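As written in TrEMBL, here are the features:
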type: COMPBIAS; residues: 24-40; note: compositional bias 'Polar residues'
type: COMPBIAS; residues: 58-67; note: compositional bias 'Acidic residues'
type: COMPBIAS; residues: 105-123; note: compositional bias 'Basic and acidic residues'
type: COMPBIAS; residues: 259-270; note: compositional bias 'Acidic residues'
type: COMPBIAS; residues: 277-286; note: compositional bias 'Low complexity'
type: REGION; residues: 1-144; note: region 'Disordered'
type: REGION; residues: 259-309; note: region 'Disordered'
type: TRANSMEM; residues: 384-404; note: transmembrane segment
type: TRANSMEM; residues: 446-472; note: transmembrane segment
type: TRANSMEM; residues: 484-505; note: transmembrane segment
type: TRANSMEM; residues: 511-534; note: transmembrane segment
type: TRANSMEM; residues: 546-568; note: transmembrane segment
type: TRANSMEM; residues: 580-599; note: transmembrane segment
type: TRANSMEM; residues: 759-779; note: transmembrane segment
type: TRANSMEM; residues: 791-810; note: transmembrane segment
type: TRANSMEM; residues: 816-839; note: transmembrane segment
Amino acid sequence: MNSLFANRRKARKVGGEEDEGHNANGQESDVSVRRPTNSKPKQKSKLHLSFGPRETSMVDDNDDGESEVITPKRPGLGRRMRENSAIRRPLKPSASTEHLPVRVGPDHDRPSYSHDYLRELRDSTPSTPKDTGSRERGAGNSDKAVDVAAKFGEVMEISVPTAIPSEAEIREKKARRARLAKEQDFISLDDGEGDDYWSIDTKKAEPETRLVRDDEDFAEGFEEFVQEFAEDGKISLGRKAERLQQKRQREAMRDLIDEAEATSDDDDSDAERRAAYEAAQTQAAMGGMGSNRQEPNGRPKTPPKITSLPRLTSTLDRLRSTLATMGASKRLLVNRMEELRKEKANIATREVEIQTLIKEAGENYEKLRVEAGLVPGESGLPALWAYVGFLSIIWFTWLQVTLFDIRFARDSIFERVCKAMQLVAMVGFASAGSRFTTRVRDENVWAFQALSALLAGSRLMLAVQYMINIGFLYKKMRIAAKGMFMIAVVLSASSFSYTGLYFAMSPTRPYIWIVWFGLFLLETLVVMGVSSYTPGLGFEDTHLNVRMTLLTLMIIGEAAMSVTRIVNKMVGPGGWTSHSFVHILGVTITVYLLWQSYYDITPRVRFGKIRQQIWTQLHFPFHVMLILTSEGSQILALTLDVALKIRYLVETFAFACEKPRPKPLDAIRLINSTIADMEIDFSRGALEEKKTIESFLNTLRSSPYIICPGNQNSLTKAQVDHLVSNVTVSLFSSMGITTDESSHERKIVRYFQLLGFVYIYYFVVTSLAIAHFSLFVLLAHRHPRKLYRGIAFGTRLVLAILLMSLASFIRYFSLTFYFMTSPMIIFTFTLTLFAVLLIDRLLDWLAAREKLAGERLSLSE
């Protein structure tokens, strides 16, 4: 046992035994393997091998028929395991290991056969050669060796060329040894290297010692070694083991047969993978030369199945049945489409009916809310009063500043600082005015408080300016100083009142801001009254009239600038048209005639105290009327543009159904182009209307024959009116005229109410403007004779009454709507102003004629 396992710890000498044998004998001797004799006779095996796992019986040519029997030593267990693993090593080295260092010696010079190869050789041999050598049955009997070279040919020996490893190969081997040494299942089976092994390690040889360490892993791996040799058929451990071996062989053969027959898809896939792997390995081994080469021993491909030519009769029958099936399915689809079309038309009809019912219910609900007092009954008036109120704040503040500047303003640093403070107050008015309404609420209470603070600061600044002027005039003009002191006291009290209103503003008192107008009136009356009746403080030698005239011209200039906004809204999308040109021309001429009418009645003589105050106070409502007239003209121009586009759309529908009727597709394209030419900006609050319009047009494109009445599914008047109403809402929204209603029907109602309100207030403000012109004629003494002044006053008053009477047509909304959609409504006020100018020119001509006649009479006398 010591000699059996001690060989594992001894240094092996690879390739040295064969060299020594050659040197001693001079020629290779034939070796035959003999098994030890066994007293128990055994049954002869029909399959007899002439060589063992390590020994080979070779016959030399010079041999006389007898071979020398040599009993080899039993090698150690570790060496036999290494030899067993070396048997399974492939014969030809791969390309990747071609240049690596290898072992050389007698073990690798001999051929090696694996278990699979022996089984294949046993199965493919037609007749098993008999055992030429008899087992040792007694003394003097020797076995005869089989001539392997004669039967299988000379064994090919592969000699690996000697190569010096490169630096990269040395690094690779070192890295590989280090990596394998770190693995848990790595067990080094060699204690030393042979003489013929090219070692790249620089470790020193351990010194030899007589002490031998006991092997702790005694007989390790022996069971696996025995089981492996038993499975390979090298040894048999009794009859039971032989039966198990035969059973395993039969199972292996059955597996090979099943694999060859390829009875399942998994086997097919495995066979395909193996074939692909073998082909890839073959191609790689041949350096790519075998890519186009077919395996000579490969199985032939399965020939394709040959189908017979189809018969004409069977093909026609099959075609007829297919056409019949397709025709039946087509009829079903057509019937289904008709049903869906009818259902869609019914849904559209019901939609209009439901919308009508919803509209009626909404109107009844609004009436009930009005009757219950939940919402105010008037429409648009709160916004109008809010606009007038905000304008009043700015106008009366400007008036107080103007009344001081025209009398006491001097160029100084203090005056410039005061002007800067007044400018800051105006900017504050503009910033807080966006939240100004007729009622104080939680969301806008800060705006009212800001306006109160700004008013208090501006009045306090004016009081300080008056007090400073009192210091300069007290010694020279005591009476004027007393009057100025009274004005300063009133302005100071007004400032404290505005401060108190700052703290009084709350949603519980929504209309407390009306107190501002009482304070405005008080300030104006006190300042102008005290100034008129105090010597040295009057307005006789001031340019108050010029200031009022300049402010009026500024308001008229703002109206002229608004014309550009109308041009952008009307002409910008589609360009100039004859109708848009007429509308804008009417607004422009109206602005020009307003300026001409006011310029003709400017005072040319000195006003008295009473007429000066009346003239000044009348300019506030007159300026309000001018601003409202300008806004009304713009809204009417936009309304005319919307009405004109809607009229085009309605006429397009009428044209599509008149005889001779155009093609339905052409008519639909014309309707689509009419709506597209409007260039509606749906992003300004008309997204729902956009969806409705697109859905209507898509319905017309899918069913073009429903555009005109002629069948049950044709468009109804209600559906066309619904499209027109959606286009109307979209046009108003794109022009900036929006409502807070969510329902489409309520939007239409609100727009018509807005148009009626605009119609009323436009003619009311224009009639009031003409009435102010008549009062200005009396104050300015436009004509020298009282008769002519009376005619001018009476003419303006009659025209104002006529304009006011036009507002009564709102009771007949159809007539009002027709009048509002006609350009004549813009030129109504224009013609009125033109008539006033003609009458003034006629009176001037008559006055000049009378004057010329009087001069001639005086010359004749």
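Glycine is no exception: its Cβ is also placed from the backbone N, Cα and C atoms.
Since the structure is predicted, the reported quantities are computational estimates derived from the model, not experimental observations.
Of the candidate ranges 446-472, 484-505, 511-534, 759-779, 791-810, 511-534 has the most C-beta pairs within less than 8 angstroms of the transmembrane segment (384-404). Panel annotation: around the transmembrane segment (546-568), residues 398, 402, 406, 583-584, 587-588, 591, 594-595, 598, 602, 615-616, 619, 622-623, 626-627, 629-631, 633-634, 637-638 of the same chain, lying at least six beyond its termini, place a Cβ under 8 Å from a Cβ of the stretch. In terms of C-beta pairs under 8 Å, the stretch of 446-472, 580-599, 759-779, 791-810, 816-839 lying closest in packing to the transmembrane segment (484-505) is 446-472. Comparison of 511-534, 759-779, 816-839 by number of C-beta pairs under 8 angstroms to the transmembrane segment (580-599) places 816-839 first. Outside the transmembrane segment (816-839) by six or more residues, the chain places 579, 582-583, 586-587, 589-590, 593-594, 596-597, 600, 629, 633, 636-637, 639-640, 643-644, 647, 755-756, 759, 766, 770, 773, 791-792, 795-796, 799, 802-803, 806, 809-810 with a CB less than 8 A from a CB of the stretch. The DSSP breakdown of the compositional bias 'Low complexity' (277-286) into helical (H, G, I), extended (E, B) and coil residues amounts to 9 helix, 0 strand, 1 coil.
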